[in-house]
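A quick write-up on the structure given underneath.
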Amino acid sequence: MSNNSRHYSAIDEAILQGQAMLETLFGKPVAQRENPAKGLSQPALTSAEKKQSIGFMRVNHSGEVCAQALYHGQMATAKNPAVRALFTTAAKEETDHLAWCQERLEELGGHTSYLNAFWYTNSFLIGLLAGLSGDPLSLGFVEETEKQVEIHLADHLRKIPSNDLKSRKIVEYMQQDEIQHGLNARSSGAKELPYLVKKLMAFQAKVMTTLAYWI
């Protein structure tokens, strides 16, 4: 989405959001930064190890699909141009993650989640609601989301085969970006979310990570 002060009509906004959805779900994402795993050799994985790596990288890819949807929903409803710019920058970095995960999945011979259209739609609606609740709570939603994502990624680093250095390097870089996104949201005026909202977010994330691992 635009990070300038231009005002879009409802129709313009709908077209832009539809385009963003189609690009995320059906396009080939282009990273602005170099893949951190570039130059690393392909590991010799057993069939079981490869299946495990595919599962976790598929989860990470779906997580990035959700991140794109969340940020676009929040961008569409952000009131402060500075907050909108923060979401725009974060979304661009999440596009890097999306591209890296998709590239790694292709290298492993895996497929992206067949449920990505559902993940995107659900996350976009959540992003809209978060944005409509006001910028402080919307920023709080980002901060809490990134905290939970960082925990998931740390868990993945414990479970991805130790010799799959390519997948591990990508996840490590993603983890650092997510931590920074959370810190940026906090420094921009994030308001802490209610406990029940945090628990609901964790439950939804658990559903996504469980299903995306297999489907």
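Here the Cβ of each residue, glycine as well, is placed from N, Cα and C on the backbone.
The structure displayed is predicted, hence computed values, not measured ones.
Summarising the annotation, Swiss-Prot assigns Fe cation 1 binding site to Glu64, Glu94, His97, Glu178 and lists sequence analysis as the type of evidence. Within the same chain, residues at least 6 positions away in sequence whose Cβ sits under 8 Å from that of Glu178 (Fe cation 1 binding site) are Glu146, Val149, Glu150, Leu153.
Sequence-distant neighbours of His181 (Fe cation 2 binding site) (same chain, 6+ apart, CB under 8 A from its CB) are Ala90, Glu93, Val142, Glu146. Look at Swiss-Prot and you will find Glu94, Glu146, Glu178, His181 tagged as Fe cation 2 binding site.
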DSSP state at His181 (Fe cation 2 binding site), helix/strand/coil: helix
Extra residues within 8 Å (Cβ to Cβ centroid of Glu64, Glu94, His97, Glu178), Fe cation 1: Asn60, Gly63, Ala67, Glu93, Thr95, Asp96, Leu98, Val149, Met174, Asp177
Greatest C-beta neighbour count within 10 angstroms, which of the binding-site residues Glu64, Glu146: Glu64
